[in-house]
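The block underneath contains the structure these notes are about, expressed in structure tokens.
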Amino acid sequence: MNAIQPDDAGYWLLTQDSALYLINGELPQGKAADFQLQGYNGMIIGELNGRPLWLVEEIADDQRTYFSLRSLLALPEAHFNLLNRGVELNHFFKTHRFCGKCGHPTDLVQQEWAIQCQNPSCSHRTYPVICPCIIVAVRRGAQILLANHQRHKGGIYTTLAGFVEVGETFEQAVHREVLEETGIQIQNLRYFGSQPWAFPNSAMIGFLADYAGGEICVQEMEIHDAQWFDYNAPLPELPPKGTIALKLIEHTLQLCAEEERKAT
């Protein structure tokens, strides 16, 4: 990152953890001097609506009002993913100021998203840490399996998800997570899509699966409730628009409807 100049212009991405500085629900746009950003460190990380998107290094004790990145989920996917990039990069820079190998300070690498140790005898280079997390929609005939997680207790019902463990494939993680959290066995696993998820540094890897056996028995530390829901019956509160979870649910409900049409 370099010192921002008063006449530098574009969109400005200021972050505090997974929150953004917004003005009337939008990123500030204009010259750096318009928002008193000159002198802070920043860099261009992409283009938004034909203008540069500047990432500003996190400002300690900033008195501006910040809003959760989740509030912008309805943005076009490419725009939301670009904001994800900024949030994840600032998290990476903030948590890797020192070399994890020798403890010396690090510098930002100019040619790529990376930091490098200042110690000439080390020069260890580190790249942004991305923690993959599988997410899966499970179908049984014309029904979908939805769970109310402990963190959403009494609220949203959604698909099952969990982090991939060391030495585990994505597919193995899906089978393990579904079995651990609900006692359900699955089959016909297939890839659906993915989504960057800067809370703070994940990537959601989406799958579809079919029921193979078992009865629901929830892992109470993680899951408050799990049920099979008929696709054409009233559904509980679902994840917000823009999430891969909702896309998985909507796609699975379509598959449920097709299954019922075939049966009749």
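Glycine is treated like the rest: Cβ placed from N, Cα and C.
According to Swiss-Prot, GLU177, GLU181 bind divalent metal cation 3; the candidate from GLU112, GLU220, GLU222, GLU237 that the record adds to this site is GLU222. Listed by Swiss-Prot as binding divalent metal cation 1 are GLU181, GLU222; the candidate from ALA142, ALA161, ALA245, ALA257 that the record includes in that site is ALA161. Per Swiss-Prot, substrate is bound by ARG70, GLU112, GLN195, PRO196, TRP197, ALA198, PHE199, PRO200, ASN201, SER202, ALA245; the candidate from TYR21, TYR40, TYR127 named for the same site is TYR127.
Considering only the binding-site residues ARG70, CYS102, CYS122, PRO200, SER202, the residue whose Cα is spatially closest to the Cα of GLU181 (divalent metal cation 1 binding site) is SER202. For CYS102 (Zn(2+) binding site), the nearest of the binding-site residues by C-alpha distance turns out to be TYR127; the candidates were ARG70, TYR127, PRO200, GLU222.
The Cβ neighbour count for CYS102 (Zn(2+) binding site), using a 10 Å radius and every protein chain shown, is 13. Applying an 8 A CB threshold to same-chain residues 6+ apart, the list for CYS122 (Zn(2+) binding site) reads CYS99, LYS101, CYS102, HIS104.
The local packing around GLU181 (divalent metal cation 1 binding site), expressed as other Cβ atoms within 10 Å of its Cβ over all shown chains, amounts to 22. Checked against PRO200 (substrate binding site), the binding-site residues CYS117, ALA161, GLU177, GLU222 differ in C-alpha distance, with ALA161 being the nearest.
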